[in-house]
Amino acid sequence: MENAHTKTVEEVLGHFGVNESTGLSLEQVKKLKERWGSNELPAEEGKTLLELVIEQFEDLLVRILLLAACISFVLAWFEEGEETITAFVEPFVILLILVANAIVGVWQERNAENAIEALKEYEPEMGKVYRQDRKSVQRIKAKDIVPGDIVEIAVGDKVPADIRLTSIKSTTLRVDQSILTGESVSVIKHTDPVPDPRAVNQDKKNMLFSGTNIAAGKAMGVVVATGVNTEIGKIRDEMVATEQERTPLQQKLDEFGEQLSKVISLICIAVWIINIGHFNDPVHGGSWIRGAIYYFKIAVALAVAAIPEGLPAVITTCLALGTRRMAKKNAIVRSLPSVETLGCTSVICSDKTGTLTTNQMSVCRMFILDRVEGDSCSLNEFTITGSTYAPIGEVHKDDKPVKCHQYDGLVELATICALCNDSALDYNEAKGVYEKVGEATETALTCLVEKMNVFDTELKGLSKIERANACNSVIKQLMKKEFTLEFSRDRKSMSVYCTPNKPSRTSMSKMFVKGAPEGVIDRCTHIRVGSTKVPMTPGVKQKVMSVIREWGSGSDTLRCLALATHDNPLRREEMNLEDSANFIKYETNLTFVGCVGMLDPPRIEVASSVKLCRQAGIRVIMITGDNKGTAVAICRRIGIFGQDEDVTSKAFTGREFDELSPSAQRDACLNARCFARVEPSHKSKIVEFLQSFDEITAMTGDGVNDAPALKKSEIGIAMGSGTAVAKTASEMVLADDNFSTIVAAVEEGRAIYNNMKQFIRYLISSNVGEVVCIFLTAALGFPEALIPVQLLWVNLVTDGLPATALGFNPPDLDIMNKPPRNPKEPLISGWLFFRYLAIGCYVGAATVGAAAWWFIAADGGPRVSFYQLSHFLQCKDDNPDFEGVDCAIFESPYPMTMALSVLVTIEMCNALNSLSENQSLLRMPPWENIWLVGSICLSMSLHFLILYVEPLPLIFQITPLNLTQWLMVLKISLPVILMDETLKFVARNYLEPAILE
């Protein structure tokens, strides 16, 4: 039923044709069940294991590698002679890499549990309904409830469907609907129509929502929505419809993969075409087909050379190490790619309650009357320190600590706070914190009594458990609570009837009252000044109310409670406690004692974190279910707004936002820093608008209501104390629920991206070198300098270790003074592309040069001419151009070993170059990252291993080198450091200043 909250009880019952006392007939139930289905959320069909595996092979680079492996396998099958076994090594290794990558990918996807499944934990098992087949209430499975059912709910129940209240069977009905609306305190419900068809869920005070909990009271209602039509069902549908966006890094790597695959294809075709003239060379036995296959193998080698096989593994390792560092800072990352996304966060949309604030209501101000003369009066105003439930804090007057027992008014105020109260403090030994037992507002008063210590109780030597309620216990020993007049909407107050534990002539029974100031003060005839009682004049009342109004607005927006007593109440037997309508009569002729102002205080460290965000170019937006006044006040306190800043067009309620045109809504999201009284749909809409500006949005949330927005935003951040749904829909969980942890995680994300950029560039320059090497050998007609199995070894192992170690580079000192990077910024810009192309060309030329040196100039080499080397395929005993040359020399393992050793050594030098993008090695020496030094040593050790330990040289088709050859390797390799230092010098002195200008 649409807009059931706007209809009267009679209209709703009439719509379903149901009587409140008898319920639906079984015939009606059957029809309604057929129409609306079961009252449960359908499970989402997940992807099958096969679908997940196939998905892992949708990446272009992976497909090229797969193709290369298949071709290598087919070619190896037709290989003859000694090389048959080694020919199978290459396709086997490629397949091994692909399988390992696929396993990691599938595991990660399976690990991101389904948030939609977690929603099911909010579905109650059973419900209590009235139906015509039985005279009394019956318990049935919640999934069998249908729209139109008459349901009974009582304290402790989980609401089984969306229900329009028809009657309340207790003085009040309080509902904890925080999981759905984010409201920090339980909500009092009523049965009157709410005439606004566009009311947000918080304002539908006559509705109960599926999955919420009854905190107090008992009521009846008619079911108006079940299953996916409930508010929680709508959240489920929204989550199903939300497609997970790929992270900026994933998009970059996708683009890079596409570009690389095109370049690889072109180069492979070019190499093959260049050598068409050599297809008939004698070495191929004059067979054109065998020649074509030989050059096809070289093209496959090129593909293997061009793809950085180690990149996925290195990225995963770097992100995993980043998550460990973040976990130490209380940020638990659930999705690895999001670690890097944090680095380009440009907007943080934060919940107020519990994230920016402590979610621990705390009294920060109070006043009692000091002096009254006619219509004029003066107040004693006090401030209270401490912003958590810990009973630690001081009471200050004029910024100086005071002893509360010196003020009679404060003694009475503390007595009311302690007795007119059903809450307590509890010390949680496991967590080492004080927690509330009961309502947040009442716990704030309990905590205030402990801080005031009006009877000067000796607190030293008490354990933390004993300390929790020590001062309250003293007051409760003096007077006994006989009964409570529960809170009701009409009088906006509650009271307790107390009698002294030691009756005497002077001590009489009293009623202590607390409630909304306007309601309580209207019923006060007197006012307490010290220990005396003075009539309340209109002037005094006006003065008191003006102070309360000032506290309730202004910079604090405190929640104020008036405290009063009834010194001569009726006796218990004279009161009718069955009818709550009479309670207001018993709470008249009151004496006003004082007022307390409380708020959910901002976390101490949040203001500095907001300032840090501003320096880092990150906009912080507060999004809350609370009212606008409170939200703006907290924004001012933590620095989201300046103290006197005009918040017009910067702060909106959900209603104000809805009333704007779509273009005005878009503009609002461009400037706004505060949204109050919002619903889940608003959060998702705000995220959509921000994404349309290419903002990278981090969204926090803890309730079921936050899940769609958490899933939609680039970075969903759930609270450690939040619901399972929020956690499973998010990328990150804050173990300490603290906003400052987000800022620390953003800083870590920026550092990780910078390091990632370094090692991606490092790996790519290595691949450019390998491609140039193979292209040069093919273009010059030289024998192969590097074969695929060697390239795989270099790409995976030798380069992989230093690349991983580059992930440990220390972050730049000014990392949080720069604006967020543009997610569209390419991994490799124009200048850097030139730089890595230049380095890559040197690597390729040096590798080919090392092989050529052994053929042409080495002492132990054949010393052939350049012509002979470049036409080696024409080498035959009867060819006069090759007189005196043993043709078998062109298959010697030495040139390959020289080429591989130069490639590995240059790559180690390159790793040192990658310590910093533009800083010289003199400014940033290798020991700045000791992991890098260790990984270079390990990589070189592994290279020696394949050179000198049998049977590895046979597999890699290489052979041990002597000292002269090693010296030549170093001479060819070391200039790469000088070359990169020159390029860095140009960047530092000529390019960076130009960019900054």
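Quick reminder: no glycine exception, Cβ is built from N, Cα and C everywhere.
Here the structure is a predicted model, which means the values were calculated and not measured.
A disulfide bond in Swiss-Prot ties Cys875 to one cysteine from Cys841, Cys887, and that cysteine is Cys887. Both Pro925 and Val986 belong to one identically named topological domain in Swiss-Prot, hence to the same side of the membrane. The candidate list Glu659, Glu679, Glu891, Glu907 contains one residue that Swiss-Prot assigns to the Ca(2+) 2 site with Asn767, Glu770, Thr798, Asp799, namely Glu907.
When the candidates Asp694, Asp702, Asp736 are compared with the Mg(2+) site entry in Swiss-Prot, which names Asp351, Thr353, the shared residue is Asp702. Considering only the recorded positions Ser38, Thr353, Ser531, Asn767, Thr798, Ser663 (phosphoserine) has Thr353 as its nearest partner by CA-CA distance.
Applying DSSP to the region 'Interaction with HAX1' (575-594) sorts its residues as follows: 7 helix, 5 strand, 8 coil. Listed as Cβ neighbours of the topological domain 'Lumenal' (949-963) (distance under 8 Å, sequence separation of 6 or more from its ends, same chain) are residues 86, 89, 787, 789-790, 793, 860, 893-894, 896-898, 900-901, 969. The Cα atom of Ser38 (phosphoserine) lies nearest to that of Asp702, taking the recorded positions Asp351, Thr353, Asp702, Thr798, Glu907 as the candidates. With respect to Cβ neighbours within 10 Å, the recorded positions Ser663, Asn767, Thr798 differ, and Ser663 shows the lowest count. Checking each of the recorded positions (Ser531, Ser580, Ser661, Asp702, Glu907) against Asp351 (active site, 4-aspartylphosphate intermediate), the C-alpha distance stays within 10 Å for Asp702. For the topological domain 'Lumenal' (851-896), DSSP puts the residue distribution at 26 helix, 0 strand, 20 coil. Among the recorded positions Ser661, Glu770, Thr798, Glu907, the residue whose Cα lies closest in space to that of Thr353 (Mg(2+) binding site) is Ser661. Counting residues per DSSP class in helix, strand and coil order gives 4 helix, 0 strand, 6 coil for the topological domain 'Lumenal' (777-786). The recorded positions Ser531, Ser580, Ser661, Asp702 include none with a CA atom within 10 A of the CA of Asp799 (Ca(2+) 2 binding site). According to its DSSP assignment, Glu770 (Ca(2+) 2 binding site) is helical.
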